[in-house]
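Quick look at what TrEMBL annotates:
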| type | residues | note |
| --- | --- | --- |
| DOMAIN | 41-443 | domain 'Amino acid transporter transmembrane' |
| TRANSMEM | 49-70 | transmembrane segment |
| TRANSMEM | 76-101 | transmembrane segment |
| TRANSMEM | 122-145 | transmembrane segment |
| TRANSMEM | 165-182 | transmembrane segment |
| TRANSMEM | 194-214 | transmembrane segment |
| TRANSMEM | 234-253 | transmembrane segment |
| TRANSMEM | 274-294 | transmembrane segment |
| TRANSMEM | 314-338 | transmembrane segment |
| TRANSMEM | 366-383 | transmembrane segment |
| TRANSMEM | 389-409 | transmembrane segment |
| TRANSMEM | 421-445 | transmembrane segment |
């Protein structure tokens, strides 16, 4: 191994076996984003809370609908396979992050990983913008989903009320604005612990509701055959695969691991075990009970099947309780996905040499976070059909970040032999996921085109 001098203060050692440079210098001072937003004080349990909130969300209520596109066998098989692949993928990311941390160069962000492993161009023009689009898209979706829950509660008790969907979206936007001022990711740990409990609660409510309706005299006739022409069924399969893949998506694994106090080794795996124990109980119970109860009439959200025309099939208090759980949990989810955008603002406009709560840092922090939430809220009110757009983001954004890049990062960092199983497993997952990006993206665009005639700005849907 030979030494290459880059500057008077940095010495790198080229490692021919691993194929990248190892920095033996004193770590550079953290920027304001890493220092203030991604502060590293958390335990593995806190990490589990953050992971669960970032993955387990009301989008799991779409799982029965995905089964209508895949059928019983395909639905259960892909739901299980996606769980195994994402657990494996997130663990690979964690291993790569731990490795670089042991070398003295801890990576706090997805774009840090891309910069060090793929090169600065990939970080600046691909990974960074892609992650920002997913995170900000989720921040738009949060007030929209929360607003729809509030609207449902409102109309249960005031069916002739005059308030529109955008009014409720604005209310949720104000709640998000308050949560946005929490200074760091770590400061969300107690919020995310409550979010984990709320995930259990509304998934349990939905499961019990589905089973109750399925056994009641008002139970709809159930059919489990996949409907549509051959072309519709083919696109439906890939659309169903994309929906399930999106429900497991995170896109912020490095930022979550950055919240762990050093040493980080082994802590992320424990956090993932906490998260996937919640996933195992919520995803499968909601998907199987919902599809069993409603068959191929399962709606885009299984809650829509809890009504026959406009008549609720369950007591009003049940809908009130379930929607309050969903509303509160989606606000926590939105706060989590605000953190990467907050970190970008802090890194760009904050001063790490000043105190976190100095006027120099507090004023731009409050202004920029408030403006970003206000913009997201306006877009949510304007675009109530935004879930169709998010399906497209899921295909082109979540799958690359969560299914492809972890495999590429691992293979490029550790360079496993082409004769090893891990090399071919990683290559197979990355290759198959790349095909899924293209076909899932086409299916999502096709769905947007089919639904476009129903789109209206500020629609009350």
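Placement of Cβ uses the backbone N, Cα and C atoms for every residue, glycine included.
When Cβ-Cβ distances below 8 Å are used as the criterion, the transmembrane segment (234-253) is approached by residues 51, 54-55, 57, 59-60, 62-63, 65-70, 74-75, 78-79, 82-83, 86, 90, 93-94, 110, 131, 134-135, 226, 228, 279, 283, 336-337, 339-340, 390-391, 394-395, 397-399, 401-403, 436, 439-440, 442-444, 446-447 of the same chain, each at least six residues removed from its ends.
At the 8 Å Cβ threshold, with sequence separation of at least 6, the transmembrane segment (194-214) comes into contact with the transmembrane segment (314-338) through 3 or more pairs.
Only residues 6 or more beyond the boundaries of the transmembrane segment (366-383), in the same chain, are considered here, and those with a CB under 8 A from a CB of the stretch are 136, 139-144, 147, 165-166, 169-170, 172-173, 176-177, 180-181, 338, 341-342, 345, 349, 389, 457-458. Beyond the transmembrane segment (274-294), the same-chain residues lying 6 or more positions past its ends with a Cβ under 8 Å from any Cβ of the stretch are 44-45, 47-49, 51-52, 55-56, 60-61, 63-64, 66-68, 72, 75-76, 79, 83, 87, 196, 199-200, 203-204, 206-207, 210-211, 213-214, 219-220, 222, 224, 247-248, 302, 305. A contact links the transmembrane segment (389-409) to the transmembrane segment (76-101), because at least 3 Cβ pairs that are 6 or more residues apart lie under 8 A.
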